[in-house]
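Sequence annotations record features per position, and here TrEMBL assigns domain 'MacB-like periplasmic core' to 21-260. Per TrEMBL, domain 'ABC3 transporter permease C-terminal' is recorded for 543-663, 1035-1143. Positions annotated as transmembrane segment by TrEMBL: 536-559, 592-617, 637-658, 687-709, 721-744, 770-789, 1033-1055, 1076-1102, 1114-1136.
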Amino acid sequence: MSSLRLVLASLWFYRRTHLAVLLGVAAGAAVIGGALVVGDSVRASLRQITLDRLGEVDLALSGGRFVTDGLVESLAAGADDPATVAPALALRAGLSAGEDDAVRRVGSVNLFGTDERLWGLLETAEVARPEPGEIVLNTRVAEGLGVAVGDDVTISVEIPSAVPRGNLLADRDDSTATVPLTVSAVLPDSAGAARFDLNPAQQIPPVAFAELDTLRDLIGLTPVRPSRRNPEGRVGRVNAVFVAEAGDEAPGEEAAEALTASARAGMTLDDLRVKLVRNEERGTLSVESDRMILEAPLAAAARRAAEAAGMTASPRYVALANEIVPAGDNPDDKHSAYFVVAGVERHAEAPRGLGVTEEGIVLNEFLATEQLGVQVGDQVELRWYPVDDGADAPERSETFTVSAIVPVEGAAADGTLTPTVEGITDAATFADWDQPFDMDLSRVTPADETYWDDYKALPKAFLPIERMRELFPSRYGSSTSVLLTGPEGGRIEDLDDAEQRFTQALIEEVDLRALGLAFGPVKAQGLAAAAGTTDFAGLFVGFSLFLILSAAILIALLFRLGLERRASEVGLERALGLGPQAVRRLHLAEGLIVVAVGGLVGAAAAVGYAALMLWGLRTLWVGAVGTRFLFLDVTPTSLAVGFGISVLLAAGAVWWGLRVLRGVSVRSLLAGETSGEKESTGAWAKWTAVGCGAIAAVLMIAALAGQIPHSEAFAGFGWDVISFFLTGMLLLAAALGALGWWLALQPGGVPRTSVKLGLRNAARQRTRSVLTAGLIACATFLLVAVAAARKDPSAGAPELDSGNGGYLLVAEAAAPLPFNPGTESGRQELNLTGAPFEAIDALTACRVRPGADASCLNLYRTGLPTVLGVPDAQIERGGFSFADTPGDNPWELLKQELPDAPVTGGSTRSTLPVYPVLGDMNTLQYSLKLGVGDRIAVPNDENPTAFFEVVGQLDGSVFQGVLLTSEAHFETLFPADDGWAYLLVDAPENRQTELAAALEGRLSGYGVDAEPVGERIASFLAVQNTYLSTFQALGGLGLLLGTLGLAAVMLRNVLERRGELALLRAVGLGTRRIAGLVLTETALLLVWGLASGTLAALLALWPHLSGRTADAPWLGGALTLLAVFAAGMLASGWAVRAAVRTPIVATLRGE
């Protein structure tokens, strides 16, 4: 008979034994392959969610700036299909419904103003677009408000301000607008429009749609034709343009750059919020912005454009002063109130007669002579509020020497020095000002009124522009206008031609990306982000590690048991002349065929296993993924990889099982013996127990002492996670080594003979017993570790050094608050006074730069997340728990100045500034893949303007998903993000509900949502706890394999000892005593496995269990272990049945 025929015959003859091995291999292959398929399916689902979310939208312009309808028309004219260019408003809104005490609110709603163009690009499930006065909600918003079709809701949105609201002259009183709208439809979750958002996320965001012109009317952006009453009229504006490109593939950066170039070609100065003001008398032009201050990119572009157009550019900077008085004694109270000070370039303005110097101040004749009575050389005191948020800051002052007095003519009478500020520069009198702050009009003199009648906001005093910028710094820019003159300061003779040339040059030179006027490939970016932050394939494989290990041990046990059962056959093969190597090759081939077939069966089962896991993720474990829109996506590659890995593992187990034949004589094999006579003394097991236990103890002590870093080690796993697994595995190895050592000593002294015999039977096949206990221990370890790792931060009280930082409430505003509620004056302006606000012990208000959600709630790979600007008061207060961050108060790290970093590409500069940030450890490690010392580009890797460097990690805090920087650095980086939109409130716990409702009510116009800090942290940890539930289910499968392995081992032991059992029964031992022998051995292995796994898990998790937020379900865990013990004892009933049914006479004759 050939070797092949012999192998095939053996496979058929021992098919029942091989079937058990095959099923073990199939189980392992199903788990591994299924995990890989789950990973593929999650990524494919995220891609499909992106495609559904964006519909036909490929490219988007949505940088927060408002462009004109004319630009949209220009883009549409250049498109193959004008309907593929859709203007829109993209706003953050607060929605409310109901009356009085029954008001329900939803904040931070993505509200889009749409017409038929955008509606036609979205997947709307045939829902009609909103008409004027109507609003369409998605299900999340509708359920949050408790409304249905036909109900009314009130929306609150921020009114765009031309002058930045952080500027001293901005109107901060009327910053929001509200309007009631009727719900015309509710978008089902299956409609892509229900999740329309430019930031990728698998969770359905709060989304609403209103008619475009309804929203534009509300916030003053609809076009107005010129008329007698309004000769200039008003252009219509939008802050978002969505474009669909032809073709199936999502267009990338090249298409976005081409569309940006098309936008540049159709752009006007209105799109840049810039205008040119003529001074016909002097032959000059002035570049101004309706924002009052020219942003740095615009000012730089104006200088380059002037050079390209053959002109001279001179920046100018003006600011409002409160008062100027003669220095020293001033018995006559000579002064001037509320006037403009101008900063000019010395070299540019000296030829025109101003003559500003580095040290002194230049006054015009009206101020010096008629109001102050001072001469050149006298000193004057200037008083003012800071330009940015100045009304909330103390008044500042400086003393100057009068260096020159100039007549109100020529350069000193240039009406273009002061940009137009509606409500101020066009007011008839001081009393008619739209007062941006509380002005003391009693200080306004008749001379001030006379000057205003004659010259309006013409500056009265002049300083060098460098000095002006030092005294009146602004985060919004350092120039209020740029003066354009001819070469070397001469006149411009043809102003019409100059305007045309400069306009064209400015539009060509301006950096549109820096102004937020560049298109982005939103669909391509969303598809790239679908790669995800969480590798679900690796995650399921990692948490199935003990399950896979259990399957491998079961395979080895079953294969080894099969060989032991065939020991006499192996002995006969050897006796007939086959060498040891030839015998091993035959049985190895036999095992590998079984393994290969089992792998193929497992590959097919992997699809079903993956489908089952996805069903669980959509239902039982939906908290882990935050979406029910997951579908099965099977790729041959994943199945092939799963097959290969499982076959390799199983082949290793088979090879290990063949070791049972090593060193066994032919005589022993013919007698059916493979081991038992040459058991070792247990020294190896002893030193395994001692060594592994000692190393595990060192790791536990290090963890308790806080010496294990929380930073990432590799592949997203932190050192603390690796330490946990190492400690657990070492403790398991130590416990199993101790079992082997104890069995080697063959303990005696047990009073009951049947129990003693049962324990000695377990020691007889020590390796087999240890492996069986190991199966149970591995699965138990997983179950107990998962259950004990749960956290419940909502149960904890506010504590300074915890994840809540001692705060009770967290609140977020859809529209930034124009006044700082962290100050007493700010709370008064916002009407946060009286009951219950007097109970507030501290309130921290942060500035907010909206960005991607980088918390564990978002499965997509994110770029720059939301950034919070932390005030100095919070930095000094400290608090919160940190991981791997030095210093008694790590918040102080936000104040440090870091050296610039070199740039390798994507920027025209060789170095860029670096600013320190803090972040939550989960956000940094798992979402952003960053650790302490790493950097992230601002705003993105392709076009960086600065870098954030991580200087510390918060541990399990309320700040998941965001980055934290100091308010000073925030204002430098994000000057356009005014106001305060993130609040933390410290107050007594018994006022929690009352304060939350009061905050939402008083600040309803800003769309404020407030919730307990503990609940916010719990929502983040819900993902982690759901993961634990998922992998707890996998641990149950591991225990199932363990109990099957235990039953198989017990059955094999009974079959091996059938002669002994028959003899015991022949001498009078009853069936109950025989059953006791088997059950004692079973109980020993089962209890040792359960106890080893439980203790290993609890000891490895001791650092967590000693913390405040541990929420281990002790009772449920104990009941689970009791149930497992009962199941194991019931499984051993197969062996008991075989033992008591052993035929006495036939068995003894066989012996």
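Each Cβ is built from the backbone N, Cα and C atoms, and glycine gets one as well.
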Of the stretches 592-617, 637-658, 1076-1102, which racks up the most C-beta pairs under 8 Å with the transmembrane segment (721-744)?
1076-1102
On the DSSP side of things, how many residues of the domain 'ABC3 transporter permease C-terminal' (543-663) fall into helix, strand and coil, could you say?
100 helix, 0 strand, 21 coil
Remote residues contacting the transmembrane segment (637-658) - C-beta distance under 8 A, at least 6 residues beyond either end:
21, 24-25, 28-29, 32-37, 39-40, 537, 548, 552-553, 555-557, 559-560, 563, 584, 587-588, 591-592, 594-596, 598-600, 602-603, 606-607
Averaged over the whole of the domain 'ABC3 transporter permease C-terminal' (1035-1143), what is the pLDDT?
68
